[in-house]
């Protein structure tokens, strides 16, 4: 059967000069010939994409189609042709917000308030549409045009994810080092609050021209962030109003559940009553510091783009030392996006949830156990005498009549775990479980079982859909 190749982009659009270049894509000005309308085309070479990269590209296009807001760069079309994919966006000609600020003759706290208000409006729209950006930083804050008072536009949804309501889950280690939240660094479940943390970092920079967390050594930088170790040093912060500092404190709150939301931040007096609360004094020191900050960002960005351009899109076929191959390892990566969802990290995640499941079993915690199991879970285990068990009722019996009554210490060890990743949302783990316990007479015993568990991720949460346990029926392991 003949394959029909799409040529719609080639037929409808004419390409012009290059506007920007990433490691794996190029952005060029284009014109829709019949309408005479200008756009920016992000061109991705799909020949270099893995199946995983294709999924990410589809996710980005799907998310961008959802978002329609004056402070977000709009996606107008998404076209796939042989060897290339084209994302057709608004043509924004004003450049980066931070570059525009340093060219201004006058810049005050009130101007910073107006900037962060527009960023928060964009973030609020994202969150209302169930989208978390995950990569808010100066490079992704653009201006619609060169005209004075042009709108701030949020760009680059390459790392954005879809979430349900206020859902918190582990979506992978992703973002830009200096803007990462404590919960991401702790590898805790996360959600919309990560964007507000990044807004806090951006607002801090908007007011003084340098970031709240900074260290050339990435490990020390991450320690600072996890500890929330920032301050408002003299003399530059002495002229900043208490209300501005209060908003930063509310954004840079370590506990994500206590962190201010986008809707709440927009109601903060420093934003909602800008004309009477925010200072109008010109901040020359901020402009001078911001010039240095911009120069440092550009230099480091250029170095990393050059490094990354030599790698495959997935970074998996470079042939280099894998340990040093990721951007994550580089101290030069403070302003460069990373997405550390490589095989090693994902396998560690499966081991972690398996350990949590076994801990729930050892503690006789049926409630936690059920949260980690699909309601229709199937199982082969010795206690079922060769029968396939479906659902949780069979397992409930052991929790109610054995585990809940066992007050003696139990120690479990997982040996030789082998994990098979089956796409983004499924994984299989096989291992030997050694269980040490005290029998009825108080004598230490050891039991062994060979187990295979199949995990499936739904709405960001891993659940067991099937398991198989070998060995003789035993008193404790389940």
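Any Cβ shown, glycine's included, is placed from N, Cα and C.
Keep in mind the model is a prediction, meaning the values are calculated, not measured.
Taken from Swiss-Prot as is:
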type	residues	note
DOMAIN	13-271	domain 'Protein kinase'
MOD_RES	13	phosphotyrosine
ACT_SITE	135	active site, proton acceptor
MOD_RES	257	phosphoserine
REGION	310-320	region 'Interaction with BAALC'
REGION	314-341	region 'Disordered'
COMPBIAS	322-331	compositional bias 'Basic and acidic residues'
MOD_RES	330	phosphoserine
MOD_RES	331	phosphoserine
MOD_RES	333	phosphoserine
MOD_RES	404	phosphoserine
Where does residue 13 (phosphotyrosine) sit in the DSSP three-state scheme?
strand
Fewest Cβ neighbours within 10 Å, where candidates are the recorded positions 13, 135, 257:
257
Could you tell me the mean pLDDT the prediction assigns to the domain 'Protein kinase' (13-271)?
92
Euclidean distance between Cα atoms of residue 257 (phosphoserine) and residue 135 (active site, proton acceptor), Å:
20
Using Cα coordinates, what distance in whole Å links residue 13 (phosphotyrosine) and residue 257 (phosphoserine)?
47
